[in-house]
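The following features are taken from Swiss-Prot:
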TOPO_DOM  1-24  topological domain 'Extracellular'
TRANSMEM  25-47  transmembrane segment
SITE      G43  site 'Implicated in sodium coupling'
TRANSMEM  67-90  transmembrane segment
TOPO_DOM  91-95  topological domain 'Extracellular'
TRANSMEM  96-117  transmembrane segment
TRANSMEM  140-169  transmembrane segment
TOPO_DOM  170-176  topological domain 'Extracellular'
TRANSMEM  203-221  transmembrane segment
TOPO_DOM  222-275  topological domain 'Extracellular'
TRANSMEM  276-295  transmembrane segment
SITE      R300  site 'Implicated in sodium coupling'
TRANSMEM  310-331  transmembrane segment
TOPO_DOM  332-375  topological domain 'Extracellular'
TRANSMEM  423-444  transmembrane segment
TOPO_DOM  445-451  topological domain 'Extracellular'
TRANSMEM  452-477  transmembrane segment
BINDING   Q457  D-glucose binding site
SITE      T460  site 'Involved in sugar-binding/transport and inhibitor binding'
TRANSMEM  482-504  transmembrane segment
TOPO_DOM  505-525  topological domain 'Extracellular'
TRANSMEM  526-547  transmembrane segment
TRANSMEM  643-660  transmembrane segment
Amino acid sequence: MDSSTLSPLTTSTAAPLESYERIRNAADISVIVIYFLVVMAVGLWAMFSTNRGTVGGFFLAGRSMVWWPIGASLFASNIGSGHFVGLAGTGAASGIATGGFEWNALIMVVVLGWVFVPIYIRAGVVTMPEYLQKRFGGKRIQIYLSILSLLLYIFTKISADIFSGAIFIQLTLGLDIYVAIIILLVITGLYTITGGLAAVIYTDTLQTAIMMVGSVILTGFAFHEVGGYEAFTEKYMRAIPSQISYGNTSIPQKCYTPREDAFHIFRDAITGDIPWPGLVFGMSILTLWYWCTDQVIVQRCLSAKNLSHVKAGCILCGYLKVMPMFLIVMMGMVSRILYTDKVACVVPSECERYCGTRVGCTNIAFPTLVVELMPNGLRGLMLSVMMASLMSSLTSIFNSASTLFTMDIYTKIRKKASEKELMIAGRLFMLFLIGISIAWVPIVQSAQSGQLFDYIQSITSYLGPPIAAVFLLAIFWKRVNEPGAFWGLVLGFLIGISRMITEFAYGTGSCMEPSNCPTIICGVHYLYFAIILFVISIITVVVVSLFTKPIPDVHLYRLCWSLRNSKEERIDLDAGEEDIQEAPEEATDTEVPKKKKGFFRRAYDLFCGLDQDKGPKMTKEEEAAMKLKLTDTSEHPLWRTVVNINGVILLAVAVFCYAYFA
């Protein structure tokens, strides 16, 4: 939708114009400007205070992070603007069930910190495809998974965040969507390219604090406005729009009436929009893929100074994940109560008048609440929260995607690439991602209402389960080998992509216009499909592995659970093909005298973290000691006990939340 089609709508109705004008006051603008200045200052501080001149420094923050920035960064990387728009929108449409998606993470972060990360640390890996390459050997799995992960980042995570950020920017600022998003991406890319993972984690920590404070304040205002929690539960069930027919068309009652099970997480296994077996089992598969094998998440854990800090960071993230149900999902429901005709509209012409699309306006639930309910200054703070969540998610994706490209793809193309060349390649790939992000904006913008967001939720069900199956078996069953893992991934991908393409071709439809997609393909709920795909992938991996040659234990020490404490030296599969770039580097260091750099070259190197002249070069013995430290998973007994107790408490909190709202 271009600006020409928007202008008649904004002039014909007072509401959008009033929304734009509400934000244009000194208090709101001052808060937004101060926020962006603080974020840039934090990024610059990280740029000057951390070592970004090495791959480990730029991509893993030098493995020196403590628990609280890790926990905050895990949370901020997960909670993007897509959550504020998508979760609140789904809450407005169907109730609290999507909050169960968030609570599933409480269990999975414990699995991440106690099971998966110790294996990754002992393996001495930087990326997830690198782990599979060490575990199985060969190149095809590593390269396949790297490319698939990059595609998932570009066409799900980036597009979801830009789509939801676009909705918010249009509603609140009235800026041209392309101008606003390009400015955001430039600022985001700037401090990610210059600061590396340390800048991302520190800015994530700042943005998590802003998100929580702003959202808690909004929640207080919202519940006060509706008269408390009891009144909220009563009024939501009566939040029916005033216009429910147009012309000679009568809209079915189910399209505008709140669901009877709106305040239940566990819904009917057949008729429920989110069936309870799918939520319990299907969602667990998707959260296993996301929290335990996704580069964005695991990379933050690998930056911790020791395993206790990993576990404590996971626990902090888990406690924070309790909040989205109350701060986001229920806020969408409150928005439906307060602005029923706008948020819950069903008449196409009315919906187009309010939000520019004909199939529904639930996606504007959270932004509308912010613009209409918050006082000056606090409204600016909440806009900052939305921009913070958009930027933190994008920075996480940019940094992790460039890590995947640099470590798993570029090193295969340029086997003798120097450290400096790898750093430059990673930064250039980030610029490429930013370009794709901007090019993707019109595609995202042309998608009707929240349908693209719905697609994205289901895309993970079609592409994630085979990856989760392979990682799970790789860690817990040492008999799995490379052919089994590869064909499990390939078959799972082919089945998943077939369902995805079919659904894209037919469309998901809407309440009034159901999709024509064949029931045998699209009739299976995407969470049930995830379970089926996961089981098929596991069977394929197991059968092919049993019919092919096993991997000797000498190649598996510290790569799987049963051999995690082994002290023997591991001989990597495909050893001898790696680590071939150091000799040429050393030769050039000794043979070629270094020229004195000019002022502008030194400033450029400092800005991009390419100044590698800090301190003497490590000896072979020092490098070996450093490698040993980076693969160390020992913990202080006291802190191990403290994090273990907190882990049990977190699991108990998860069980209580599910039971109370079941």
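Here the Cβ of each residue, glycine as well, is placed from N, Cα and C on the backbone.
Against the transmembrane segment (423-444), the recorded stretches 25-47, 67-90, 140-169, 203-221, 526-547 differ in Cβ pairs under 8 Å, and the greatest number is found for 140-169. Counting Cβ atoms from all protein chains shown, T460 (site 'Involved in sugar-binding/transport and inhibitor binding') has 21 others lying within 10 Å of its own Cβ. Between the transmembrane segment (526-547) and the transmembrane segment (67-90) there are fewer than 3 Cβ pairs closer than 8 Å, counting only pairs 6 or more residues apart in sequence, which means the two stretches are not in contact. Residue pair T460 (site 'Involved in sugar-binding/transport and inhibitor binding') / R300 (site 'Implicated in sodium coupling') shows a Cα separation of 21 Å. Counting other CB atoms no more than 10 Å from each candidate's CB, the recorded positions R300, Q457 peak at R300. Using DSSP to sort the residues of the topological domain 'Extracellular' (91-95) gives these counts of helix, strand and coil: 4 helix, 0 strand, 1 coil.
Cα to Cα, R300 (site 'Implicated in sodium coupling') and the residue listed as 'D-glucose binding site' are separated by 23 Å.
Over the topological domain 'Extracellular' (1-24) the predicted model carries a mean pLDDT of 45. In this chain, the transmembrane segment (25-47) lies close to the transmembrane segment (203-221): three or more C-beta pairs between them fall below 8 angstroms, excluding pairs fewer than 6 positions apart.
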